[in-house]
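Per Swiss-Prot, the feature region 'Disordered' maps to 1-41, 231-278, 904-925. Marked as region 'Interaction with CADH1' by Swiss-Prot on the basis of similarity to another entry: 1-171. As annotated by Swiss-Prot, N-acetylmethionine applies to M1. For 47-144, the entry in Swiss-Prot reads domain 'PH'. Taken from Swiss-Prot, the feature region 'Interaction with RAC1' applies to 297-435, supported by similarity to another entry. Annotated coiled coil per Swiss-Prot: 302-475, 872-907, in sequence order, evidence recorded as sequence analysis. Sequence annotations record features per position, and here Swiss-Prot assigns domain 'Rab-GAP TBC' to 622-814. Under the heading compositional bias 'Acidic residues', Swiss-Prot lists 916-925.
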Amino acid sequence: MEGAQESPAESGSSVPWSEEPAGSAKVPEVSLSEESEGCTRPLEATPPKLCGYLSKFGGKGPIRGWKSRWFFFDERKCHLYYSRTAQDANPLDSIDLSSAVFDCKADAEEGTFEIKTPNRIITLKAATKQAMLYWLQQLQMKRWEFHNSLPALPAAHDAALAGNGPALRLELEQEEEEEEAFLCPVKTPTDLVGVAAAWQPVHARPLALQNISLKHLGTEIQNTMCNIRGNKQTQGANHRPPGEDSPLIEETQREEQPSPPGPGAPGKDPANSLKSSLTTSLIRKAKSQSNTFPLFSEGLMRNRTAQEKVLALEQQVLMLTKELKAQKELVKILHKALEAAQQEKRVSSAYLAAAQDKDRLELVRHKVRQIAELGRRVEALERERESLAQTASLQEQEIRELQQHVQLLLDKNQAKQQVICKLSEKVTQDFMKAPEEADRDFLSQQEKMEHLKDDMEAYRTQNRFLNSEIHQVTKIWRKVAEKEKALLMKCAYLQAQNCQVESKYLAGLRRLQEALGVEAGECSELLRQLIQEALQWEASEASADSVVLSPSTISEYDEYGFLTVPNYEVEDLRLLAKIQALEVHSHHLLAHEAVERPLRERWATLGELAPSAELKQLLRAGVPHEHRPRVWRWLIRLRVQHLQAPGCYQALLSRGQACKHSAARQIELDLNRTFPNNKHFTCPTSSFPDKLRRVLLAFSWQNPTIGYCQGLNRLAAIALLVLDEEESAFWCLVAIVETIMPADYYSKTLLASQVDQRVLQDLLLEKLPRLMAHLGQRHVDLSFITFNWFLVVFADSLISNILLQVWDAFLYEGIKVVFRYALAIFKYNEEALLRLQDSLEIYQYLHFFTKTICDSRKLMHIAFNDMNPFPMKQLRQLRAAHRERLEAELNELEQLKAEYLETRAAQGPAVPEGSPSEDEGEAEP
């Protein structure tokens, strides 16, 4: 067993694992009583080694039960070893904590917790709840430190393969700062954990026979022999003076000074003692309150007498204030009367002192005017007095109401004080009485409440720990997932390199075979054997590699059912197909993280589809497999929404069932020729041929002008493979034939198709003059190859992933995309075509050269960048010019045909001499 060969102790009483681990993390501590109030973080100077006695549940039969074991942690391997005693040289067994999770149950026995590994569940029990929590937290921390100390992630070979590693590491660092929010660190129980715990008395140690591990009997015997030898060697050392302790004990006492054991968790007292204590406290409280109630009553009486005196004094002050105001008013009135008398005296003196009558008359007039003015002032003051009197009456009424309200409040207050006095007397009497049956019920309820509080605290602690464990396991899972992702990316890169090397190897074998020819018999035979072995590698390795890693081999079919490696009868073609499949797989692996993943993310964030420049660029780059059906339905709806009607497709199917169409026979013949390299159309139990038949028959009734034309079966089949619905595939076919392609493209004369071939020749002369000159010198007609490209939009020509990428852009932009990709295909293979000098070799190469294209990104860049400028106006002009010339040629051909028929009709049927007639031939037996 790994880890069992630990270095033995020099003496039987020493502990072999007592060395402190270098760089061990410092553990912050806090007492359990502080958990609810908040966590303080005092740092411990030297954390003790994680070791101590725990009880392990195990055994079989009658000896099954708790067994005391000495546990110690190995930081190098992240293993928790255990032995029967601390003095044993060899551990009994170990627990791998790197992939373990921890659990504690609130309803289990106090101090019990579990360690769950993928292989087994170990149940352990600590002496106290505090020791259990300390062990769990330390094991969590050690597990995380081990995962954090693993070697760094492998460096990616390409920047595109780096992924989101830095972001995930930053997220993990941020989570480390928050991990302590679940469960506060527990104070170290120095008497139960650490090297010093080896000399502490073990709590409730089982009997010696029951404590022996029969499962590890050999290890038990070895440990016993080691202990016996150690005791013999150290027998003299045990009689040294008391002051001469061993260095290990001195070091242990210096490093870990065990604090005096704190008070343990209070046990649950019996019911009688709890009731008596509660009764005593309640009676003591009642007596103290009864001593205060009489003083409170006397105070209330004194307060009432003082309030009445204050009220009488206030009323007396109010009366004296009113009397003072009246005296002041009287003084003012007398003062005014005195002033009026003095003024009258002065006026009379002035009147008598006047010498002439004129002066006296003037004085009289002046007084008359003053009297009139005073009369007006008196009237104004009278009006003001009346308004003030009204205001005063209103205020007096309000004052009376307020006084009534105050009196009401005083009455209420007095009534409440009386009620308080009565209740106080009643409470005092109740407290003075002995506890009765109701009090005993109350005490029992109080006891139950205390038990429930204990249970609630236990469940709260369990919940905090489980949250902490979930957080820790999640962090470890994310770290492992990050490493796994980096390893998968590296594996994909190496697989791509392997595919490239294998394709180069096969290409080299093919070139050697071509160079040797049939001259060297032994070498040719050796090359043939090597090629056969290379072609059989895929089948032999597929079963073995698929178990290890799914993308390690090339699957037989792609996601749409097309063969990835076509089965050719000719050995050279099979070799080329294998090389092509390896190159496609290599490009797919290299582009998965660098190109496809960002593209998938952009499509995932794209909301509702709407025509835009961004959507145009995304469609040119290709639609991911999971988004393609939705995008195609939206593109088709844009094209045929003016033609769609509810129930139209079903009506066409019903019409086809009622009446047989003339094109039904040709459709039936073409069904078996549709995509022979696709499993959906070659499997006898597949439903795709029946769906395709119904779609083509419905279209023949939808468009009677065209009916059915060879090539429509491939267009409808592509739509069925992507959309997987008959009606959607039908409207896709309608969109292509009636809205995207020009008129007469699928007519009997294929007029528009022939026009596009001539337009393509002009564009090739403009964009690729060197290639066209090379082909022109060898009299190669490209229309034999390109005519079918345009008729079926490259179906059966390009490999499936490139074909569907072309269709993504074709359904949005139209026929212009077909011209771009046709030019790009010749540009992609221009150098290979220029190396061929014989016209027969060129024709042979043109028949399969589209299958050699494996880099879809390069082909797309050529089509939409290297072929620019590509104005639609130029395309329309070329089409118009060639259509006019082609129509003239067709008219001339029709005239020649009519003249020929007239000539034949004028000559009549001519029968060669000596040849028997049909009647004679039929008459012969």
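The first residue you see is number 1, and the count goes up from there.
Note: Cβ is positioned from N, Cα and C throughout, glycine not excepted.
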Per the Cβ filter (under 8 Å) with a sequence gap of at least 6 from its ends, the coiled coil (872-907) is approached by 742, 749, 751-752, 754-756, 758-759, 762-763, 816, 819
Average the per-residue pLDDT over the region 'Interaction with RAC1' (297-435) and send me the rounded value.
-> 86
The domain 'PH' (47-144) resolves under DSSP into 19 helix, 40 strand, 39 coil
Of the residues in the region 'Interaction with RAC1' (297-435), how many are helix, strand and coil by DSSP?
-> 133 helix, 0 strand, 6 coil
